[in-house]
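Feature annotations, reproduced from Swiss-Prot:
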type     : residues                        : note
BINDING  : 22, 57, 58, 59, 81, 82, 83, 114 : 5-amino-6-(D-ribitylamino)uracil binding site
BINDING  : 86, 87, 128                     : (2S)-2-hydroxy-3-oxobutyl phosphate binding site
ACT_SITE : 89                              : active site, proton donor
C-alpha cells in the first residue's frame with residue numbers, strides 16, 4: 001500500500017494571496033496570519049509572496065483564476081469575510097465566492113486554499129481571525145503549502 005502525505009515546509013514555493021478589501025478590519029488579521037504562517041512555518045521567502053487586493057469576496061474567484069492562469073504561482077490563497085445581514089445578499093456573496101473558488105481549484109493545476117470566513121456575526125468573524133478560534137488565514141496558508149507538497153508527491 002502506498003500512502004502519500006506531505007509537510008507544510010515549502011521554502012521555494014511561490015504563493016499568491018487574493019484578499020477582499022470589504023471587511024478589511026477583519027481581513028487584515030487573516031492576511032497577517034497567512035503571511036506569518038507562510039514565512040515562519042512554511043519557510044516561504046518574502047519575495048515569493050504576492051498580495052492582490054480585490055473589492056470584495058465575490059471578486060475572489062476571478063482574481064484566483066487569473067493568478068492561477070499566469071503559471072507564476074504554486075498556490076493561491078483566497079481571504080475574505082462575509083457576515084450575514086438582514087437580506088439574502090449573504091447567500092449570494094458567500095455562495096458565489098465558495099462555488100467560484102471551488103471551481104477554480106478543480107480546474108487549475110495548483111491548489112486554491114479557501115480562507116473566506118462566512119459567519120453569522122461580527123463577533124464570530126473576529127474569533128476566527130486570530131482570537132479564540134484561531135486564525136483561518138494561517139490555516140488556509142498551511143493548507144496551500146501542504147497541498148503544494150501533496151501534488152508534488154503524487155506527480156513524482
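Along the chain as shown, residues are numbered 1 onward.
Placed from the backbone N, Cα and C atoms, the Cβ positions cover glycine too.
Closest to residue 81 (5-amino-6-(D-ribitylamino)uracil binding site) in space, going by CA atoms and restricting to the recorded positions 87, 89, 128, is 128.
In this structure the C-alpha atoms belonging to residue 114 (5-amino-6-(D-ribitylamino)uracil binding site) and residue 89 (active site, proton donor) are separated by 20 Å. In this structure, the CA atom of residue 57 (5-amino-6-(D-ribitylamino)uracil binding site) is 12 Å away from the CA atom of the residue listed as 'active site, proton donor'. Of all Cβ atoms in the shown protein chains, 19 besides its own fall within 10 Å of the Cβ of residue 83 (5-amino-6-(D-ribitylamino)uracil binding site). Under the DSSP three-state reduction, residue 89 (active site, proton donor) is assigned to helix. Rounded to a whole value, the Cα-Cα separation of residue 87 ((2S)-2-hydroxy-3-oxobutyl phosphate binding site) and residue 22 (5-amino-6-(D-ribitylamino)uracil binding site) is 17 Å. In this record, 5-amino-6-(D-ribitylamino)uracil is bound by 22, 57, 58, 59, 81, 82, 83, 114; the longest C-alpha to C-alpha distance in that set is 17 Å.
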